[in-house]
């Protein structure tokens, strides 16, 4: 077993060796530009790009013509949310989303608010899931877009997307789904789930970083305004020379996910449960955040009461985990996702996200259980609050003295 141990699979995944092998020729011998139509180098590159497009489409039950290559899921989210809002704004300027979305969606929504759009930010239930009835109640005659993720990047909680998609479809509203954390881990089908736009990332499913895709429905056709102008690549949706090696890698990653996903999900879920039960045996006052029933296989988001998450992360340097999402864990604010779910500020501050995946082992899980057990106990020994709770004191009943 190699130290440090990687348990942050929601932030990124290692590139699968089979993916790397598929990519290598496109750096060295097959280096053509896929847009070069006049010679064999370009044709070879285009052929590889189209084969990868087929694989990504197959993974989500779409047609290859509905896959648009991007530089990653942040760009896909921006193109979907802003592109749809700008195209349909004559019909209305009201958008609906959830407070626990990824920052790429939330910040796109805030940018649109500054342009005069009105956004309804819905609160999830205590278990992290969004109630479809709330979406239905939020729709208005001028609503043009609903954007709800499939699986949350912090809690791994899976929303009832098919139901939300059906509500949007019946109301004639475009439905965007950020499916970055679910595609390749659990089934995702654009037809069964009534999805019009879906964001996909390669590096969250053992592909390379810096490449992603946006699914754009053709029947009934969904229209977007391009957010990037240039040579009109990708049917005008997204100009820019295609990253051929990255796209080939994403195609291979999609193929492997399609073939191995179900068996992998069983193995990774077993590892997650081993981790959860092990931590629960080692420690008291431990809270799992979000629904365990509706959750992606490798996610465990846990709050260790009376321990500061950042202090714990420093104490367990041998295990790579995160507090909050990788995109925002640089800020010391407690997780906005957990706060929106109604988790107290103290518990949100003490939360750790474990992400297990394809290359995680039982040995690594057992090591993490021992290490976290030891370090949490040590940090709690220094916490007067923990001592008081153990002595049966109800902290809510205490009148704290004002320090001023």
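Heads up, the Cβ atoms here are built off N, Cα and C, so glycines get one too.
Straight from Swiss-Prot, the features:
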- 73, 74, 153, 181, 201, 202, 203, 241: pyridoxal 5'-phosphate binding site (BINDING)
- 204: N6-(pyridoxal phosphate)lysine (MOD_RES)
- 327: active site, cysteine persulfide intermediate (ACT_SITE)
- 327: [2Fe-2S] cluster binding site (BINDING)
Q.
Through the lens of DSSP with three states only, how would you label the residue listed as 'N6-(pyridoxal phosphate)lysine'?
A. coil
**Q.** Most crowded position, judged by CB atoms within 10 A, among 203, 204 as recorded positions
**A.** 204
Q) To the nearest whole angstrom, what is the C-alpha distance linking residue 153 (pyridoxal 5'-phosphate binding site) and residue 204 (N6-(pyridoxal phosphate)lysine)? A) 10
Q: Let me know the DSSP-derived helix, strand or coil state of residue 73 (pyridoxal 5'-phosphate binding site), please.
A: helix
(Q) What whole-number Å value do you get for the CA-CA distance of residue 73 (pyridoxal 5'-phosphate binding site) and residue 204 (N6-(pyridoxal phosphate)lysine)? (A) 10
Q) Counting all other Cβ atoms within 10 Å across every protein chain shown, which of the binding-site residues 181, 241 scores highest? A) 181
Q) Taking the Cα atoms as reference points, how far is residue 204 (N6-(pyridoxal phosphate)lysine) from residue 181 (pyridoxal 5'-phosphate binding site) in Å? A) 7
Q) Looking only at 73, 202, which of these binding-site residues has the biggest number of Cβ atoms within 10 Å around its Cβ? A) 202
